Structure formats: structure tokens, C-alpha cells
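Features reported for this protein in TrEMBL:
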{"type": "ACT_SITE", "residues": "B:196", "note": "active site, nucleophile"}
{"type": "BINDING", "residues": "B:159, B:185, B:196, B:283, B:406, B:411", "note": "substrate binding site"}
């Protein structure tokens, strides 16, 4: 962008970031696309680090997604290389070659094999990502990695993000203290299913990769897979979770082990915090929207209904206009094809029931709802009155800012 | 709206409208919502008029949609009453009562039974539509109906439309000249499937209702069901086709009768013309987009891919910004879940192939594509390279105008 974007009114401050023993990281300006800012991030992990990942469901994924899917089969990671500004998507053989060259150079520096190097790219689609700009910058970046590099990493992976995103949790496994710390980037082209942006989370817990994968796969369902900014699923999205094992907690063989209860809750809450930061930095967003659907015939059905509301341009523009236009919520429920009975439907906004059993409630007073709509966090509750299925989805409003940003992204 | 919207830059002039023997129509200002404009339209048909209809697939349809679905079972029509400004949706028992009262009064005037009266409403959702404003206006309107009332009807059904929409065809059945003439309204909340707005078409052809229904159901597939403005399916949409039989053409027993070839082609072309007018009046639209998908595993699959591109906010904002951002087209292909192979994909814009076999074509010169993007009619062609399935979908760009209109609709 020619002009830096104004910071989202929903931005949250960067938390106090600590270190994760076994992780060293940093960022540098490699001149891939942007001028005067960092755009290349490296993290290196101690030997023995396990890894889990979830990826975009796009049928046209970027070369780095293919690379990581293959690398993940080994279950171990020693390094991560991320660039911003160019997604290395739809770049054919050149894109694959860039992955291979990048992994080879980084593997040499980190003292591992290329398949232990994970790669991620974010930015414009369809332009060749020059490997040499990355590989030329890697040696100096490798030499400068530190355990304190988390903020630099959070800033270095940003594209149209207006604030850096990070979260941290302190928890325990079997009485042994462990840390979980993660960063994320994402602002547009955000939709389930899948990971919906880039996020990298590390812990010093000692966990087998299969356990890690189970925890991550479950954790994204109610976090990164429950957010949408614009219904457009990226070609590049991933969440990677690294466990260095430095905490030396008691061995855990299954994700269902009760020793993991606190860890699982902490991880889930961290993933949700990061995912909500992405919504709150949704391109042009001025309000966060939480959609709660209950009474559906199943959780899957509730999810589809919630997503139809969350993705509806008419609902999102109504929220932008601070208009409690519940009729558009009814429209979105009706359009998505899931079982719904107009005459059993209840709609509430800001905790105030507006419509019940197919019509507006008698004596409906819009005053408190109008006040709610002026706030930053809008709550829409829909009960379908059919069963026990429920789901929650988060979205943001659709404003002139979205048009400004996306009508001129490449220029 | 407080201020009248500027007329769409894609507007087409109203054609020279003639009459359809057996149809008398007119419009009046009933004060339902708007001030200083007509908002109530009535058409009456000669005895013996047959009717066909297609309706929104919404699970939360308006009371008039329920009414028309039931009325359609009789296959005959004597009157149509349409109001603009209030959709009579999610209005519970009051909404049903309004339909009953309106049909009763109109049936009395037209000399028929209520089930031969068709009803349509368009406008805001969730507010009770006062039957008395309609029924009070009906007698004077009935008295003033004329065969020349088509333009008045086209104007009287507008909501956020910026220009009236009508089309006419002269054709023949078995050598007997027949006319087909129709009007439409629609601008936002437009998406397949279903009829996606209001359109009323009449012909003086003599055709059984079953034949009429077959012709209409097939005709909407490539017209009203192939357009999208904002992916939001309305609760109120319908297309009704009336045949007065005044032309006295030879009897036709099947929609596949070769005697109907010219009529079918004329009807299909009229439906497409009306549907494209809706796209060209898409809220805030500055450019029409035609998406052509070929090489899919089936026509259904091609349709889903075409719709994913047509609905993508990122594709639509790129077109608004005159940016030939084909990477977003790839993203949209990838996100929709249909079979697609990144490395077989071909993307062309404005007839210029930009990407082939998973990457940009060698020596791609953006100059002619940049010129194409400055035009009013944007053409995107995608070949999936997998099979013989193909589909065409029409959309429009996503601009600041859409936000302006929909962030303040109710105010």
C-alpha cells in the first residue's frame, strides 16, 4: 500500500512476550516486496522438537503449503522460514524450486535436513518469489536469532495487518510449568475452513507429534475455523504448533490424557485469542460480530447457519451502519439450505429478543438494541427451535475501508 | 433513502413497450413506505389466463411467496398485486392476514376467486404490511388499469433500483404472431438459487400451465439463476409468467414441441435480458462481470466454480479497482471445494490468457488486460482442464456505493 493503513479501532496491545525455551527467532528486511520494513522471519528449534499443522482446504494451495504437508509426515521440526509480501502461489515449477532452495540453505544453517524446515509465504498471488532474496538474507538472520525475537517475528509476517498479533499462556503438565506462545497474521481472505491465515505457536512442553496434532486439530475448530472476514479462503493458510520438549514434563501418550487438561484449555484459549485478533484486524473492520446459533438439528447445521450470517454482506453492512436490521439475519438463516422453520425462529441482538415465532415481539423497544449497535462488539443470537445443535462464529463488519484496501491491493 | 441514488452507469434505456392482449395494468402511490412515488401495482388478466412461477429457495420466505406457491396449483391467474417498500416477511399471522385481505378485495374487483390472485411484496423485512393501505387503494387502481400500463408497472415495483427494467420480444407459434413482455426489479439481496428478485412476464400465447411451467423452469437456469450481486438470497423472490391465450395459436401439448422453438428462444432471451438488467443495477455496481467456466467435471461443478468467483468479495473489489488480479480468481476456484487441479488451470481476462498450467504465461503483457479492466463489461474465463462441464454466471463489482446503500437502508 502506498499509505500505511490506519490501525484497526479493534486493535489490542501486544502482550508481554517471554521466551519459549528451545526457540530462537528473528526478522530482517529482505526486500521481497515491501520497502523499509522486515519481511523475512526465521525460527529455529532445538533438536527433538515435534510439530503439528493444519492447512488451507484450497484446491489451489501455494507451494509452501504442499511443502509443509510433506514435511509434516516426519513429525519433527528444526526451523521455520516465513516471508511476507509474496504468497508463492500459482508460480508453477519456479515456486517449488524456491521452496527447495530456501529449505536447503536454511537446513545447512540450522544443521538439519531440508524436510525438517517448514516454509510459509503470504502476500500477492501469481508472482514468482525470488529465492535468492531469501537465501541471501538467511545467513545474517540465522546469526542474529535470539529467544527474545517474538515481537520482531510478529511484525515481520504482517501484510495488510494493522497491528502485530501475539498471545501467551503459562500452564502446566503433570505439575511441571510450561509456556505456550504464538503469533499470527491475517486481515483479509479469511474464511473457514481451514486455518485461514498464518499462525505459529510454540511450547516448551514435551509432547509426541501425534498428541500435538490431535490437540491442534481440535483446537482450530472453535478458533481459526470459526472466524470469517470476507468468506474468501486463502491459498496459503496454516497453523503450525511446535513443541521443543525443554520443559521435561512427564510423558504423555494420548491427547485425552487428563494430565493435559490444563494445557489443552490454555492452548484452546490462546488459539481463540489469536483468531479473534485476526477478525479484529479484518480489512476495514470497525466492529467485531459474534454469532451464536442454538437449537439447530446438529452442530454442523448450526455452524452452516452461523457462517451464512457471518458471511452475509447485507448483515455485515447493516452492522457497519449500526442498524439492528434483524430481517437480514432472517434472510441469511433462510438462504443457507439448513433445516429452519420461520415460525420457530428467535432472533436476539445485544441480548434483547427482537423476534420470536415468526414475527417481531409485541412492544419491541429498539432503544437498548440501538445502543448496543453503537458499540464495538456486536452479539447476534439465533435460536432455530429445532434441536440441540449449536455453534459460534466470529466475523466483522463490511465497511468502506474493505473496498479501499482491496480495490487497490496490488498498486 | 433520504437522497435518490444516482442512476447506475450500466443502466439501459426502457425499450418501446407495447401491449400484451389480455393484460391490463397500472400503478398508484398507496403510501406504504415511500413518499411521492408509486408503490402499488396491479395487473389483471383475461379469463383463461394460465400461469407458471419459480420462487426463492429461502427457508424463511415471505407470506406472499407461500400464497403464490399455493395459488399456482390451480394453474390459472386473473390478477397480480405487487407492492414495494415492505416485503411482508417474518410478519407471522399478520402477514398471512394481509395476503388474505388483499387477495379477497382484488378478487372481488377482478371478478374471480382469491386463489386466482397472485401477490408479491418487496422491501424491508420484519415490519407488518398494513393491508388497509393496499385495499383502500385497489378500487381506484382497478378502475384505471389499461393495456398501456407497463412502464407505470415497471416503475411502481422498484425499491433500490435506479432504473426501471422491461423487455419485449415478438415471436410466433405455428405461424401465429405472439408477444412476450416483462418487467423486473432487483438490485441487492440477489443470488441464486432462485428467482432472485421480482419479475413478471406476460404473453398472449395460448399455452397450458404445465407447458408454461416447463418453459419457465428451464429458462431461469441460464438467466435469473445465473446472476449474483451479493450472494444474499432474498426471502421474496419470484418470477411469474402469464399466458392470456388471446393470440389463439395452434394448441401445444408439450414444452418440447418443435412449434415452440422460436417462442422458447425468445422467452430465454427475454429472461436473460431482464436478469442482466438486475446485475447492471446491482447496488453500487460500476461494472458487469461475466464469468465463463469450462473444462469442469460437470455442468453443476462448473456452476459452483463460476458462482464462487462471482460471489468473491476480493474478485469483486479487484474489478472495482480495475485491477486484473487473476490471483484472486485462482483463490476463488480453489476455495469452493469442486474438483480443480492448480497445474491444469487456465485463466483469461478480456480474452487474454494470463495463466496456464499453474503459472503465469511467459512474456505476459498486461497492457491489453489493463485496458479491458477500464471498461464496463469485464470478462473472466476459467478453464479447469478436467472435463466437458461448462457454465456462465454474471455478477457486478463491489464498490463504495454498495456500502453506502446497505449501511443505511432502513434509515
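Positions of Cβ are set from backbone N, Cα and C atoms, glycine also.
What TrEMBL says about a protein is an automatic prediction, not a curated fact.
Counting every protein chain shown, the number of other Cβ atoms lying within 10 Å of the Cβ of residue B:406 (substrate binding site) is 27. Chain A comes within the C-beta cut-off of under 8 angstroms for the following of the binding-site residues B:185, B:283, B:406: B:406. Counting every protein chain shown, the Cβ of residue B:283 (substrate binding site) has 29 other Cβ atoms within 10 Å.
In the three-state DSSP classification, residue B:185 (substrate binding site) falls within a strand. The Cβ neighbour count for residue B:185 (substrate binding site), using a 10 Å radius over every protein chain in view, is 28.
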